[in-house]
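*Asks:* Below is one structure. I have some questions about it.
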Amino acid sequence: MGSDKRVSRSERSGRYGSAFDRDDRDDRDSRSRRRDSEYKRYRDERNDQYDDYRDYESPERERMRDRERRNSDRSEDGYHSDGDYMDHDYRQDYYMDEKESKTIMLRGLPININENDIRELVESFEGPQPADVRLMKRKTGLSRGFAFVEFYHLQDATRWMEANQKKLVIQGKTIAMHYSNPRPKFEDWLCNKCGLYNFRRRLKCFRCGAAKAESDMEAPSGSSETPQSADYYSDSGYVSSAIILRNIGPHTVVDSILSALAPYVSLVVSNIRLIKDKQTQQNRGFAFVQLPSALEASQLLQILQTLHPPLKIDGKTIGVDFAKSARKDLVLPDGHRVSAFSVASTAIAAAQWSATQPAQQSGEAGDYAYLQQGQEGNSNFGQCSQDYQPFYQTQTAAVDQDTAPQSEGSPVPATTSAVVCQSPQMYQQPGSPTQSGTSTAASTTPASTTSTEEATTPTAIVPGVKYSVPDTSTYQYDESSGYYYDPQTGLYYDPNSQYYYNSLTQQYLYWDGEKQTYLPAADGTGQSGAQPNGANPGTSKEGKEKKEKPKSKTAQQIAKDMERWAKSLNKQKENFKNSFQPLSSRDEERKESAAADAGFALFEKKQGALFERQFLPDMMMMMVNTEEEKPPNAKYRDRAAERREKYGIPEPPEPKRKRFDPTVVNYEQPTKDGIDNSNIGNKMLQAMGWKEGSGLGRKSQGITAPIQAQVRMRGAGLGAKGSSYGVNTSDSYKDAVKKAMFARFSEME
C-alpha cells in the first residue's frame, strides 16, 4: 500500500485524453476562429475601399442597382437623390473617348471632405460658375470618394474643363475630372392603351393585357431614354409656369428673393414659396417662383441662365430651372411625354392671359398657345390650342366691347373659365360681371351700345328652366327700393328673406338649389304692397312719381311685407318637402342647399350695415310706440296661482317607506352548524361507495369527526396543573365564559 503512488491530476488520462491535450486543442480552435474573423473583417474593409471600382456589369450588381433605383426617393422639386447618380457611368475606360457633358465627375476625393469645401474651391476659379455640387455619401455619412459638378450649359462645362486641364487640386491631392454621361438603361415600360407603368421584365400590361411589343412599336426607339437623360435641367424641353431656385441658403427669407429678382420681374410675396424643414424650421435649399404663364416663366428662366456672373442670393450661387410636377407623365402617340396637369393649367393660363390683354393685342392673344406647335414633342398641343382659339377670341372680343366706364361699386371682371383638354368643352359662367358694370354706366352715359341695353332689360324667368347659380357679388344696390338688382335675370333680391321679386310678372320667387331654377312662391299673401320701386320698366312719369314718395315709408312697407312673406313661405316650403320627399333625397338637398345658400349668408353679413342704417329710424319709432302702449303700472303676476287654477293642485307625494335592515350573516362561520347532504362532494362520495359516518380510505381508516384545535391548559402557577374546560377557538366570548363557569362549578363539587 505504501509503494502505490497517487496519480496527479496533470498525469491523468482517460476516455478523452489528458487535460493538456484538451487545453491545446481549445487554444488552437480559438486562434483559428480569431484568425478567420480578422481575415473576414480585412476582406470587408478591402471590399468597401474598392467598392467604387467593382465590376458594374455583373448580373448581381445590376439587380442591386435596379432595386436601389426603384427604392430611391425623390424630393418634392423632382431633384434626383443620391441613388440616381448611380446611373452615370463613372468607370475609367481609357479605350473609349469621353463624350462631353455638362456634368463633371471628380474622382479620388478625400474621405473627410464635404460639399461646401468643393463648392468654395470651384467657385473660387474664374469663368463659368457651377449650378450644383453633389457629393456622394454612404449611409454612415462618409464620402464615397467622388462628386458631381453640374453646369448650366454644355459650353460652360467644356470651357471649365479646358481651363483646368481636367485636373483639380483639393487639400494637396490631385483630383482627376471626367465627363459624366448616363449609360443606356432599360426601364419600366409604359402601356399606351391604359397608361400604366409595367415592370421591364413583364411582357404584357398588368391592367389591360396589351403586349409590350405594341407599345414599343408605337413609341420610337430611344423615347424611354429621352426624358431620363435630361432629367436634370431644362434641356429635355419641359415647360412649366413655375421656376425652382436651388442652392438657397438655410436662413434666406422671401424678401431677399424678391429683391434679387426685382430687376427682372415684378413679383409679390404670394408668388414665392420657400420650402422649409418641419423640424429645424430652416430652408431645405430650394424655393418655387410661380408666374402667371409659362411664357413669362420661360423668358425669366432664359434671362437668369444667361447672367454673368450668375444670380446670387445671400452669397450663394442660385440654380434656376423649370419646376416639375410630381404627377405621372403621359406618353403621346409620337413617343413624347407631357404631364396631364400641365395641359389643364396650359389652357387656363392661356384663357386668363388672352382675356387680360388690351384691345390692340387681341390678334396676338387669340393665337397664343402655351406650348408652341413648332417645339419638339408638342405637335398635338398645337391642335388642342386651335380647338380653344374660338373661345379665346370670344373672351378677347368681350373685353374689347366692354369699353364703357364702370361704376365704383361694380367689381373688377375676372375670368373664371375652366378648360378640360380631354374633350374641347367650354365652361363659362353665364352673365359676366362686366355686364353689370356697363348697365350701371348706361344710365349716366348719353351714348350707350346695344349690348348694354340688352343687359339692363330684365329677362322673363321661366319656371322649370335650369339657370346658373346666382352670384350675389354682381348684384347692384337700388337706393329707391332698398333691395339689390340682378342685371342678369332682372330680379330684385332681399338678403333678409333671400327671396326674389320679378317686376314683369309681379311675382315672388325663390331659388331651388336642387332643381337649379327659380320657383314661384305661393299666392294670396299680399303681393300688391311688396313691389319694389323702379322694378317695372314703364314710362318716366311713373318712375318719377314713385321716386317722389318718401323712401322711409316705402322701405318700411316692403320690410313688413317681406317678413310676412318669409314666414308663410318657409312654413309652406318645409311642409311640402317633408310630405313628398324621401329620406335619402332630404340629405342630398341639405348638402346642396347649404352650398347654394352659402353666398347669400355671407352677402347678408356684409350688407347688414346698409339695412341697419336705412331702417334704424323706423325701428326706433316702432319701439317708442310699443313702449307708449304698455300700461304705466305693471302689477306682479302670480304665475303659480294661475298654474294651480288651470291645472289644479297636484297630488301630494307618497310617503317614503321605512327601510328594513337586511339580515346579517356571519361570514366568518358559514359552516359552524355543519353542512347537509345536498352538497356535491357528499353526492360524489356516496356514488363511489362511501357512507355517512365512515372514514375515508380503502379500509375506512380516515377520521370521521372534524379536527378541532385544543386551547392551551392554563395553570395557576409553577407546578400547578391547569384545567381544560373544553373551549374551542371558534367559540364566542359568551360561550367561553359559560364553559369556564361550568368547569369551575364541576371542580368545586
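Backbone N, Cα and C define each Cβ position, glycine as well.
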*Asks:* Per Swiss-Prot, which of 185-214, 245-274 is zinc finger?
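*Replies:* The range carrying the zinc finger annotation in Swiss-Prot is 185-214.
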*Asks:* Could you tell me the mean pLDDT over the zinc finger (185-214), as a whole number?
*Replies:* 78
*Asks:* Where DSSP helix means H, G or I and strand means E or B, what are the helix, strand and coil counts for the zinc finger (185-214)?
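*Replies:* Helix, strand and coil residues of the zinc finger (185-214) number 3 helix, 6 strand, 21 coil.
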*Asks:* Mind checking how the domain 'RRM 1' (102-182) divides into helix, strand and coil residues in DSSP?
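*Replies:* Per DSSP, the residues of the domain 'RRM 1' (102-182) fall into 21 helix, 32 strand, 28 coil.
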